[in-house]
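One structure below.
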Amino acid sequence: VLSPADKTNVKAAWGKVGGHAGEYGAEALERMFLSFPTTKTYFPHFDLSHGSAQVKGHGKKVADALTLAVGHVDDMPHALSALSDLHAHKLRVDPVNFKLLSHCLLVTLAAHLPAEFTPAVHASLDKFLASVSTVLTSKYR
């Protein structure tokens, strides 16, 4: 459960991401594909090369979903319901992949926002991404 301090940290950190959200989302996806090659199996129709328009496009979708989650941090299950349905019933993404992408997002944010990425912010973002992952996998049951 996110504490009030966690929510404040997440909103502040995501605010610093600003107009780079899509770029950071794509970079996190590239990190995931390179670090965890089995995740590529969900994207057989994508050009997964560096800078690919498809990876950039999906990175923007990831970032937009996270922006939505930040904006609805007190009601993520409702805000992310359609996305949860999509990943559980149509795409059938293995839930472990959300943890892998979350890790890659944390690395990407730490690389781009070193001054803001304090231990407290790191912990808050980790809890937030775990909460998002939990919501996205809630309909698998």
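Placement of Cβ uses the backbone N, Cα and C atoms for every residue, glycine included.
The shown structure was predicted, so the numbers you read here are calculated from the model rather than taken from an experiment.
Annotated in Swiss-Prot:
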- HIS58: O2 binding site (BINDING)
- HIS87: heme b binding site (BINDING)
- 1-141: domain 'Globin' (DOMAIN)
- SER3: phosphoserine (MOD_RES)
- LYS7: N6-succinyllysine (MOD_RES)
- LYS11: N6-succinyllysine (MOD_RES)
- LYS16: N6-acetyllysine (MOD_RES)
- TYR24: phosphotyrosine (MOD_RES)
- SER35: phosphoserine (MOD_RES)
- LYS40: N6-succinyllysine (MOD_RES)
- THR108: phosphothreonine (MOD_RES)
- SER124: phosphoserine (MOD_RES)
- SER131: phosphoserine (MOD_RES)
- THR134: phosphothreonine (MOD_RES)
- SER138: phosphoserine (MOD_RES)
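Sequence features, as recorded in Swiss-Prot, placed on the structure.
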residue: SER3; record: phosphoserine; contacts (Cβ under 8 Å, 6+ apart): none
residue: LYS11; record: N6-succinyllysine; contacts (Cβ under 8 Å, 6+ apart): VAL70, VAL73
residue: LYS16; record: N6-acetyllysine; contacts (Cβ under 8 Å, 6+ apart): LEU113, GLU116
residue: LYS40; record: N6-succinyllysine; contacts (Cβ under 8 Å, 6+ apart): PHE33, LEU48
residue: HIS87; record: heme b binding site; contacts (Cβ under 8 Å, 6+ apart): VAL93, LEU136, THR137
residue: THR108; record: phosphothreonine; contacts (Cβ under 8 Å, 6+ apart): TYR24, GLU27, ALA28, ARG31
residue: SER124; record: phosphoserine; contacts (Cβ under 8 Å, 6+ apart): LEU2, ALA5, ASP6, LYS7, ASN9, VAL10, ALA13
residue: SER131; record: phosphoserine; contacts (Cβ under 8 Å, 6+ apart): LEU2, MET76
residue: THR134; record: phosphothreonine; contacts (Cβ under 8 Å, 6+ apart): none
residue: SER138; record: phosphoserine; contacts (Cβ under 8 Å, 6+ apart): PRO77, SER84
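DSSP states for the domain 'Globin' (1-141), grouped as helix (H, G, I), strand (E, B) and coil, give 110 helix, 0 strand, 31 coil. There are 21 other Cβ atoms within 10 Å of the Cβ belonging to the residue listed as 'phosphotyrosine'. In this structure the alpha carbons, written CA, of SER35 (phosphoserine) and HIS58 (O2 binding site) are 18 Å apart.
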